[in-house]
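Quick notes on the structure that follows.
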Amino acid sequence: MLIKVKTLTGKEIELDIEPNDRVERIKEKVEEKEGIPPPQQRLIFAGKQMNDDKTAADYKVLGGSVLHLVLALRGGF
């Protein structure tokens, strides 16, 4: 099924996923398209941060759903 991942800059990335894909796998697909390592990605759907070991189906993600991508950059001093 096709879903979209929207970045904070408004860019939309289209991904083809399966309902039983884990969130971790969705992040890997984002990395393949955008080069953002999964540990830096936070995916939000329906106002909730998605846990890596849950599946798209666990969050009731359907074809046409839009996930929001937030980058979790580690700051250092």
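Glycine too: its Cβ is placed from the backbone N, Cα and C atoms.
Annotated in Swiss-Prot:
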type	residues	note
SITE	L8	site 'Interaction with uba-3'
SITE	I44	site 'Interaction with uba-3'
I44 (site 'Interaction with uba-3') CB neighbourhood, other CB atoms within 10 A: 15
What does the structure give for the C-alpha distance between I44 (site 'Interaction with uba-3') and L8 (site 'Interaction with uba-3')? Integer Å is fine. 11
Number of Cβ atoms other than its own within 10 Å, given for L8 (site 'Interaction with uba-3'): 9
